[in-house]
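Taking it in order: structure first as structure tokens, then the write-up.
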Amino acid sequence: MAQALDIERWNLECEYNNMDHRTDLNGTDRLIVRRGQPFSISLYLRSGTYQPGLSSLECVAETGPQPSEQYGTRASFGLSANIDTSRWSAAVTSPPGDMVALSICSAPDAPIGRYTMTLGRSGRIEFILLFNPWCPGDSVYMDNQQSLAEYVLSQDGIIFQGSHGHPIPTPWNFGQFESGILDICLRVLDMNPRCLNNPGKDCSGRRNPIYVSRVLSAMVNCNDDRGVLLGKWTDGYEGGVSPMFWRGSVEILRNWSTQACQPVRYGQCWVFAAVACSISRALGIPCRVVTNYLSAHDTNSNLVIETYIDENGDLIRSREMIWNYHCWVESWMTRPDLKPDFNGWQASDPTPQEKSEGVYCCGPVPVRAIKEGELTFKYDAPFVFAEVNADVTSFMKKKDGSISKVTYTTTVGQKISTKSVGSDAREDITHLYKYPEGSDEEREAFRKANHQNKLLQQQQNQGLHVAIKVTSDMKKGCDFDVYAVVTNNTQSEKKCRLVFGSCAVSYNGFLGGNCGFKDLLNVELSPGGGESPCDVYTWPPHALDLSFNYIVYVLLERRVPLRLNYSKYGGLITEDNLIRLAVLLLDYSTKETILTVRNIVLENPEIKVRILGEPKENRKLAAEITLQNPLPEPLENCCFSIEGANLTGGCVISEKLGSPVGPGEDAKVKIYFTPTHFGLRKLVVDFDSNKLCHVKGYRNVIIGK
């Protein structure tokens, strides 16, 4: 008869196990392991010894408030000769004696979360179980080590903002392994309404990364629940802070937890996405933040965005908009609920825009389903498809109440971007969402999606063409010119009215004050293009040499400059640093109206960071941080702040300047910090003042042992 082991005490070997399971950055004071991978504990017997084939040990693993074998939240198993990594199992790996080395393995599809495990009659241990993207049996398995280092283990990253013409890399501290963050992430799951209504079923659902990702998409915003962030896009940020204030997820998650799960004020799309990425990585789901430039917000699922302008070309606000950019996340997992070939990256969007199944959430939907036009696939494929593929139709509302169609050509879904693996460079992943424009594959995807507007769309307006051109000196604080360029490709002279306007705009399309305006009532365009007489130049551009063969170009275009002065735009632009340029051209002969729009982003000054001292673990360092004031006026209330995973102790360290910084002068501080772990780390820097708000910078620091 088998003799049950009489256990007196045990050692969870947390340091060894956590390192082996790549959870040691969470700390080694408790057991944190990944599913489908064995871990070892030491058992010390009160009496007797372990005898192979004669000794027994009944183990019961439970998670959640209502554990049951029916829901998969309770598992009973005994000793086996060898570990079976396909299910819950245990095996002794030590020789006979009064100390037993016990190897335990969870099922690769076990629900994640907090577990208690009873060992016989007297043993009871606790541990946290996470998804395991290193385990081939786990549905989040990823077989590339460099990608795993980036999408699971990296605690910092880059989020792309700016415009499609000028993507701006912004550093972010994900901080998923900082002290207390994993517990907060598990609390986010526990506070979701599904868990509060039926905790047993919800905990069972945590075996499935599809379910967990969908819960996170809802819980990162607070529109239906006690979620993490409250979004705000208009009318100031009273009662909270600007979304530009945040440098990372750690402070947001800690604030939510310490404030009794009251929403943190405020977030916008990149903040929602970054927090969702932090939680996903903390739980073991490979995740990355994605930016879609010229992103459509389609409210009625017809794949068409209808925009309206007034007679000056200014946008009239409506629910359907084109955002300058929009951020969401992609998570890596299999999709056994769908037909084959749709595993891999799944898009989900925690920014509250439209309801899905009665809740403000979106996804996950396979990125490949968007590319192929498979809009019946779960979840929310039509909304994401529209974000990158919607057609745009524009109308002009005139003062007399009449409405006329405007010729307006724009392509939504441009330069879809994410941080590259192993570097801070931008990786363009547009090809994962869309086939090349005009290709047979694109037409087939549109046919599947029933996107008739795109299929029937033909090239319009071969006659008049309007473009907006800019120069490279568009820096905040400078005066500069932008140009409307008009070309007449018809065989007849054209007389037109040209309206060239500019105004401040937020990244999601809210218009601000006028930054510059020009209305030309009588613009004459010669046939075949250009003004008369035409400008002529040669190539190559050097002095005439009769022995040289020249190509002569005739400039067949009309350029209209618009001067943008800091004295006017400086007090109007938002923290997004965006100005909307719009050219409206009215052809008097045909009554056709052509609209061209371009958003430009003004560059902030560079933050320079110099590390003083030899970067080593647990050795105090100083960061000398400098920013030159580019504005023609003083900067007041200047403050530098830094944070970085394993660099600043999980805190934000700030240093204020005691006096104003004049035009052209340097704002400079020295901030001390002590790294706690070796490796490549990112020190994220924020500069704030009365006139330059939340300028971001960073410095990669290699910490030695």
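Note: Cβ is positioned from N, Cα and C throughout, glycine not excepted.
Summarising the annotation, TrEMBL assigns active site to Cys269, His326, Asp349. Annotation source TrEMBL lists Ca(2+) binding site at Asn389, Asp391, Glu437, Glu442. Sequence annotations record features per position, and here TrEMBL assigns domain 'Transglutaminase-like' to 261-352.
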Protein Cβ atoms within 10 Å of Asp349 (active site), excluding its own: 31
Cβ atoms near His326 (active site) (within 10 Å, other residues, all chains): 26
For Asp391 (Ca(2+) binding site), the one of Cys269, His326, Asp349 that lies nearest, given that the active-site residues are compared by Cα: His326
Position of peak Cβ density within 10 Å, selected from the binding-site residues Asp391, Glu437, Glu442: Asp391
Asn389, Glu437, Glu442 screened against Cys269 (active site), Cα within 10 Å - retained binding-site residues: none
Residue pair Asp349 (active site), His326 (active site) - Cα distance, angstrom, rounded: 10
His326 (active site) and Glu442 (Ca(2+) binding site), Cα-Cα, nearest whole angstrom: 23
Recorded positions (Cys269, Asn389), the one with most neighbouring Cβ atoms at 10 Å: Cys269
Residues of the domain 'Transglutaminase-like' (261-352) by DSSP state, where helix covers H, G and I: 15 helix, 41 strand, 36 coil
